[in-house]
Amino acid sequence: MPRIFPWKLWRKSRPAWPRFLGTHPMNLLSQLFAPPSPVPSPTPKAKKRSRRGVQIKTPAEIAIMRQAGAIAAQVLKEIAATVQPGMTTGDLDQLAEERIRSLGATPSFKGYHGFPASICACVNNEVVHGIPRRRKKIRSGDLLKVDTGAYFQGYHGDSCITIAVGKVSPQAQRLMEVAEGALYAGIEQVKPGNYLMDIAGAIEDYVKPTGYTIVEEFTGHGVGQALHEDPHVFNVRCRDLPNVKLKPGMTLAIEPIVNAGSRFTRTLGDRWTVVTVDNALSAQFEHTVLVTATGYELLTDRRLV
């Protein structure tokens, strides 16, 4: 999922620099300390560069995305049925990759900007982008989030579930229910003529009365030929940000993240795993959703696989 950064706060205005003095010192510093370019996804090598802007999918593209979404849904359904205490998140990653490939697709996540696995596996206070590890055991009472994507014939399907491992606490169970309810509250707003902020408002209004919080800096997104396409799909109402009108043929990944405590997060030393700042539990659900002529269609519906 994409992260929103306030770049405008970083780019402060400065007085004009005389050309005869050469390159501005700040430009030299920016070049010297610029972060390395992200590692491009290795799959597929012949992939065309994604078109800019919000994409309206053709019927042929939608048919392929149904298959990509069904593969992602099938893998998550099997993981949910397989996971048990004593397994490791690395075991689940191996299962996911083998099943994605056996179903004729490739993992969307593996190699994406250098991410080393086919799933993101987050336990308890971990929010997003958890790296699966062979030594990381899953225990009874854990709240396990598994996010995966399948790349099939040039298009992606993206979905996430939260799994209660064994018997979880009442608080964990309630958090799961709220996170999933928030997802479907947002999905119910998907129809032609509505706007992205209708989705965001429905999610926000669903979560706010519960006392839980929504992680604001991570958003949903468009999905298709690229794993992350325009537009950003916000989970809270935002001012001064694009409020796109929904049209048939749009495909969106809607994915609210709900915390039991503070909404704020921090990133661990592996530069991927994001956790809650107060170690509170976190839950997430995600579907890839198609805007149809009359409403919506879930492309990652686990009930249909």
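Each Cβ is built from the backbone N, Cα and C atoms, and glycine gets one as well.
Listed in Swiss-Prot for this protein:
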BINDING   His129, His228  substrate binding site
BINDING   Asp147, Asp158, Glu286  divalent metal cation 1 binding site
BINDING   Asp158, His221, Glu255, Glu286  divalent metal cation 2 binding site
Considering only the binding-site residues His129, His221, His228, which fall within 10 Å of Asp147 (divalent metal cation 1 binding site) when distances are taken between Cα atoms?
His129
Write down the Cα-Cα distance for His228 (substrate binding site) and Glu255 (divalent metal cation 2 binding site), rounded and given in Å.
13
Please identify, among the binding-site residues His129, His221, His228, the one with the smallest Cα-Cα distance to Glu286 (divalent metal cation 1 binding site).
His221
Would you mind reading off the Cα separation of His129 (substrate binding site) from Asp158 (divalent metal cation 1 binding site), to the nearest angstrom?
14
Sorry to bug you, but what's the C-alpha spacing from His221 (divalent metal cation 2 binding site) to His228 (substrate binding site), rounded to the closest Å?
6
Provide the three-state secondary structure of Glu286 (divalent metal cation 1 binding site) computed with DSSP.
strand
